[in-house]
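Features as listed in Swiss-Prot:
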BINDING   ASP496, ASP502  Mg(2+) binding site
DOMAIN    563-622  domain 'KH'
DOMAIN    632-706  domain 'S1 motif'
REGION    703-741  region 'Disordered'
Amino acid sequence: MTEQGYITRTIEISGRTFSVDIGRVAGQASAGVLARYGETVVLVAATREALREGLDFFPLTVDYEERHYAVGRIPGSFMKREGRPGEKAILAARLIDRSIRPLFPRNFTQDVHVVALVMSVDQDCSPAITAILGASVALTLSDIPFAGPVGAVIMGMVDGQLVVNPTLEQDEKSDLHLTVAGTREAINMVEAGAKEVSEEIIVEALTKAHAEIQRIAEWVGEIRAEVEPLGLAHPKIEVPANEPGPELVEAVRSAGYEKMRAAVHHCKNERLDKKSADRHLEGTKAEIINAVLENFPEEEQRLKSLVDKLEKEAVRELVLKEKVRLDGRAFDEIRDISVEVNVLPRTHGSGLFQRGQTQVLSVLTLGAVRDEQILDGLDTQETKRFMHHYNFPSFSTGEARPIRSAGRREIGHGALAGRALEAVLPGEDVFPYTIRIVSEVLSSNGSTSMASVCGSCLALMDAGVPIKAPVAGIAMGLIKEGDEVAVLTDIQGTEDHLGDMDFKVAGTEQGVTALQMDIKIAGITPEILAQAMAQAREARLYILDRYKEVIPGPRPEISPRAPRIIHTTIDPEKIRDIIGPGGKIIRKITETTGVDIDVEDDGRVFITAPDPEGGKKALEIIKTLTAEVKVGEVYLGRVVKIMDFGCFVEVIPGVLGLPGKDGLVHISHLAHNRVRKVEDVVREGDQILVKAIGFDNQGRLKLSKKEAMEPPAGGAGETGRPGLIQDDRPDRRPRSRFSRR
């Protein structure tokens, strides 16, 4: 222990030091630690409230708060302080929540609040991983009952090699970004984005990740044993058993077991849809409750809980013992699929995907570069050109609730589907559009996020976006009792609710592009995940084949209703020629052609035009404004001014009422013979060939008419007078400016 009264413990993870300060911060919390990974620092505090009676769920809240001072920035908002968490922060909070939630006792109903405050960010050391590990230590040291500790790592794949916790540079090159959390015994959370990585590599990465997780979890467990005698770890509180009496349990079982089994079999035999099955099962549960309630009038809440458990037992028994599902399907059977495109005629692209009673309409919009989302988070990325937004209205589940703004679930599902598609999107150099897809869930009965992947892929192809390959997604489920395991393909809502796992897999024919696993039990092994991924691949290939029946690939042209974007690159030094003083020139271009123009600092120019002609006209104007006269090139120019010492010739015409680029043809360069008067050779308005021969010391263009012409045969001059040749006197330069402004 230090003189300040706290201790620090460290462990090496992927060549960098992870440490926790214990007893240093957040003394009023149940436990608080200062977690440090490299130069990333996250304060994590865990607190609990007193027992709340009558709850049938665990009220866990996880907040992940980003502070802009962590990267030396001031927030960009008007108030100059942090507001509601951004998308990245919400996704990080969900990672922590999903890593720890399965490890609390089932009958524990006290409010638990875990706060991760990001205070310093080293881009090579993930603050999300730091927060998960900090939460693991805090919960392990607290008095909150917790079946941890938890470890977590990110797996990358750089140049074909798996890397634990890749640095920022490695992550940018990586084909895989796989976040894994778990205990010493098993994995309980997976989240991944990938570039068509094979299932075998994913399983190998999970196995390697779990080995590192076991080492970290072991270290956290040792910390508790070490600091408990010092008073820095608290005895775990007792969780009230709150178990119903044996008489009530027996009464429910006697009155309801056979009825519930019969109800479940009726749903299976009749292959009832969600509404019909729910109505039948709820009716059966009400019968059982009414039959028992008259003998136990004060036990209504426990009675309802027991009947729910009876339903769960009957459904799980059907699967494990009879090898068939509630709706009569086999374990690897997919519900009926419907695929449509071009559903909405005035949009840029749309896809309607239905699997059973899950239905999602995805709508795509193509926009200009200026439509990119501006990010104000802690990452180095400043803008985002692809957005996927997911909406889940109440009518999709048959409920009558007000529609609210997007919550954590909607943001999480939208990000997952977006991640699944990012790997196949064309680069900005090929397709310089901002892409926004909105997935509207119209009906929900399991796996709406994966239906959003399918609907969004259809919308991309319908819009003519040149994706590398079509993507499909499927949700896998698990029912596990002891050593008995059933992996289910394409789970519906009831199987999600009563099962042990929701494992979502998306990808192409070549490999996986996204993964997400939510689990309700303490963990599962890599072997079970491998089986789930193998079944998911078969389902994915089946869905991709169904796409081909309707739309075999992206349309050859983008939607006629989408804007046209023309991309060109100019010398960054020429940007001022497009912008003009106070933006005068660029405004004139947009007003004249009806286009939008975005100019990047590196010289990339994007012209967004509602019609092709306007875009072409704007491009020509920009090319003219930024054109360079090359020494040695011959130009067809127009004489714009006659002077005693020569003439000015415009070699690049002006546009939008602006002057073009001109230069001086000195009288000595008008002809091979001696010229006494400029008007003897040219007149104002004449079109003549001239050659660019250089620039004077003030950067003014010098042109030559005689060098653009063949020398006269036999030495005769243009006037036919033999023997007259160009004298060797140097050019005389007047003091007046050569270029017209």
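Glycine is no exception: its Cβ is also placed from the backbone N, Cα and C atoms.
In this structure, ASP496 is the one among the binding-site residues ASP496, ASP502 with the smallest number of other Cβ atoms inside 10 Å of its Cβ. Secondary structure by DSSP for the domain 'S1 motif' (632-706): 7 helix, 36 strand, 32 coil. The secondary structure of ASP496 (Mg(2+) binding site), as reduced to three states from DSSP, is helical. Per DSSP, the domain 'KH' (563-622) is made up of 32 helix, 16 strand, 12 coil. Within the model, the domain 'S1 motif' (632-706) shows a mean pLDDT value of 93, rounded to a whole number.
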